[in-house]
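A.B. asks: Sharing a structure, written as structure tokens. Questions coming.
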2 protein chains.
Amino acid sequence: MRELTVDLGERSYPIYIGQGLLDQAASYFQKHNIGNKSPLLIIADSNVAPRYLAKLEQVLQAGGYKTASAVVPAGESSKSLAMLGDLVGKALDAGLDRKSAIVALGGGVVGDLAGFVAASYMRGIKFVQVPTTILAHDSSVGGKVAVNHPQAKNIIGAFHQPEFVLYDLNTLQTLPPRDVSSGLSEVVKHGLIWDASFVDWCEANAEKLLALDPDSLGYALYKGCSVKAAVVSEDEKEMGLRAILNLGHTIGHAIEAVAGYNEMQHGEAISIGMIGSAKLGLRYGAPEEVYTKTKRVLAKCGLPVSLPKHYDVDAIMAAMMHDKKFKEGTMVFVVPTAIGKVEIKSDVSVEWMKEIVEELKLEAEQI
Amino acid sequence: MRELTVDLGERSYPIYIGQGLLDQAASYFQKHNIGNKSPLLIIADSNVAPRYLAKLEQVLQAGGYKTASAVVPAGESSKSLAMLGDLVGKALDAGLDRKSAIVALGGGVVGDLAGFVAASYMRGIKFVQVPTTILAHDSSVGGKVAVNHPQAKNIIGAFHQPEFVLYDLNTLQTLPPRDVSSGLSEVVKHGLIWDASFVDWCEANAEKLLALDPDSLGYALYKGCSVKAAVVSEDEKEMGLRAILNLGHTIGHAIEAVAGYNEMQHGEAISIGMIGSAKLGLRYGAPEEVYTKTKRVLAKCGLPVSLPKHYDVDAIMAAMMHDKKFKEGTMVFVVPTAIGKVEIKSDVSVEWMKEIVEELKLEAEQI
């Protein structure tokens, strides 16, 4: 079992990573002073609920907790104000009070949604995260919770830190291969922005990770969470440093916006975005290795490293111009200067970016 | 001009109270480092907007600010998740970013709603309150913002402190007499829980207050805000002391729940509730003066001090049992032990409360 602390002063919390932690859930709740007089509400999605909800409820009830549960449809569309209202209704029906906790059982969507329920119900109650995807290691650190508005993603939310995060590696064993790779994309990103030796490790252990070897996975999640925790500890409310976590995300979000439904997963789009960022790094004078190594490690993790031919460059550029990181003529980008090191550049020209997106597409044609 | 500080560490903020402050709004925004590159969104209700919205926009624009505005229907029904979604849409349309501020122009409903928009838009942006009612002095201190759920009032919200509060006494000159009295109810409450000499002052100056004498009003708001600020500074997140602010509110909320539409204003219901609390105080051994003086000062402010005949005691008791302050058999009440002093009693029997509600009604029959 590995443990790390997200250091945020009085809002600090631990992340536990290990096999079989779900079976010991009740003792972790007790350890973190979550009383059993007030009911808990577990929120899961329609994919995860059939696998782990009954088990988690059973374990908690055996530990003396009263639990209620709510299952939301899998997918981003559940992150809505309407769903927030439904879940608050469920919390009221179940009698949740100010000493209750909301438990997020699932991936990033459930974490964001359940976290915002916890942040706003009675102006904020306790929150526990039980992630069941690799990608969720990213959202389990930092307390960013939110729902979407029809006009913008994650625009209605809060910073609300969990009491603790319980990462049971066994729940990752049933992940589809595409979700595994997609999750590894953010793991590798944490290496690329902060820790060159961890990038080496990812490259050397990619096969074990894809095979869901528990010890390798545990280490990768531990390191990924540790980097994010280090960044977030210095900048909880996203005033500066935290921006480096957006490596690959401006291009990635634009690709996601242009992609058809289920055509591109978040981690896949970010992978292509990180290749684009590496290309941008070369233009700012970074050594060739920044590009070659970035490409090699992402490819080894089963991720796309070029833009599929049918994507329209102009459409991607238009989506990028709408991104909130675009400011007055030039664009702000997180740019790698070496493996494990990035800088924020605020003078990236739109022309350069267009050339890079074209290159990303050309490489696909060459394959 | 009077000024006081709500002392909350790095979230401290000032309240400015005086005549004609609206005309100087832009300089206050500048003083508080609200930049003019990002647009502001002013939220007002349909009663207040025709009187003061154009003026505030004009003053801010003359000071170099870009402003957008949104007008919501007057009344509690605007405090909904649907309205939150609409207002976030307006904020997006107007291009509000993380350096923008939301401005609440109006009474408590607009303050609560606009405050929650500010708390959740992009996970929290700046918030400025420009109260236009006496009652809003109460909600302008403490940062409690929220919207309602069909099943419960104020259940979805946050603690989000404003940058500053700009209280222009001139905007109170158009208040209907009933709103004046209703607002004074919370002013008197702040005396009853904390400051006996201020209760004396309210009694001596009730006529001036009802006549909207600016200097008396300014002093009353200054004192009311000061008491609340002192309480909130010690207990920002409502863990203990802040409960004393609920004097009269358990009975008051029950009366509001049972009353027909527009039959009972919040301050009126709280006034009757505070009479009930004083009666409860007598049962706990408080001197007779606690009851007689409470009744006298509230009556002088034009407030009801007994329960109108047509109210059903059982319906009020049922509403009270649903109140969140009711716990396992006995009820928790804020009970005056002297003028300017209260205690929390958690062992109040349901029978006692029923007797007191009956007495409140009997007194009305005797008049």
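Using N, Cα and C of the backbone, Cβ positions are placed for all residues, glycine too.
Feature table excerpt (TrEMBL):
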- A:Gly108, A:Val109, A:Val110, A:Gly111, A:Asp112, A:Thr132, A:Thr133, A:Lys144, A:Lys153, A:Thr171, A:Leu172, A:Gln173, A:Thr174: NAD(+) binding site (BINDING)
- A:Glu186, A:His249, A:His266: Zn(2+) binding site (BINDING)
- A:71-181: domain '3-dehydroquinate synthase N-terminal' (DOMAIN)
- A:183-325: domain '3-dehydroquinate synthase C-terminal' (DOMAIN)
A.B. asks: Which has the fewest other Cβ atoms within 10 Å: A:Thr133, A:Thr174, the binding-site residues listed?
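C.D. replies: Fewest other Cβ atoms within 10 Å, among the binding-site residues A:Thr133, A:Thr174, is found for A:Thr174.
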A.B. asks: Taking only the Cα atoms, work out how far A:His266 (Zn(2+) binding site) lies from A:Gly108 (NAD(+) binding site), in Å, as a whole number.
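C.D. replies: A:His266 (Zn(2+) binding site) and A:Gly108 (NAD(+) binding site) have their Cα atoms 11 Å apart.
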A.B. asks: Could you measure between A:Asp112 (NAD(+) binding site) and A:Glu186 (Zn(2+) binding site) for me? Cα positions, answer in whole angstrom.
C.D. replies: 17
A.B. asks: Within a 10 Å radius around the Cβ, which one of these binding-site residues has the most neighbouring Cβ atoms: A:Val110, A:Leu172?
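C.D. replies: Answer by Cβ density within 10 Å: A:Val110.
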A.B. asks: Look up A:Lys153 (NAD(+) binding site) in the DSSP assignment and report helix, strand or coil.
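C.D. replies: Looking at the DSSP assignment, A:Lys153 (NAD(+) binding site) belongs to a strand.
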A.B. asks: Cα distance, A:Glu186 (Zn(2+) binding site) to A:Thr133 (NAD(+) binding site), nearest Å?
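C.D. replies: Rounded to the nearest whole number, the Cα-Cα distance is 12 Å.
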A.B. asks: Looking only at C-alpha atoms, tell me how far A:His249 (Zn(2+) binding site) is from A:Lys153 (NAD(+) binding site), rounded to the nearest Å.
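C.D. replies: Between the alpha carbons of A:His249 (Zn(2+) binding site) and A:Lys153 (NAD(+) binding site) there are 14 Å.
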A.B. asks: Need one number for the NAD(+)-binding residues A:Gly108, A:Val109, A:Val110, A:Gly111, A:Asp112, A:Thr132, A:Thr133, A:Lys144, A:Lys153, A:Thr171, A:Leu172, A:Gln173, A:Thr174: the maximum pairwise CA distance in Å, whole number please.
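C.D. replies: Taking every pair of listed residues, the largest Cα separation comes to 30 Å.
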A.B. asks: Take the Cβ of A:His249 (Zn(2+) binding site) and count every other Cβ within 10 Å, whichever protein chain it belongs to.
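C.D. replies: Neighbour count, Cβ to Cβ under the 10 Å cut-off: 23.
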A.B. asks: Including all protein chains shown, what's the count of other C-beta atoms within 10 A of the C-beta of A:Glu186 (Zn(2+) binding site)?
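C.D. replies: Other Cβ atoms within 10 Å of A:Glu186 (Zn(2+) binding site): 25.
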A.B. asks: If I restrict to non-local contacts, at least six residues apart, and a C-beta distance under 8 angstroms, what lies near A:Gly108 (NAD(+) binding site) in its own chain?
C.D. replies: A:Thr133, A:Leu135, A:Ala136, A:Asp138, A:Ser139, A:His266
A.B. asks: At the Cα level, what's the spacing in Å between A:Leu172 (NAD(+) binding site) and A:Glu186 (Zn(2+) binding site), rounded?
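C.D. replies: Here the two Cα atoms are 16 Å apart.
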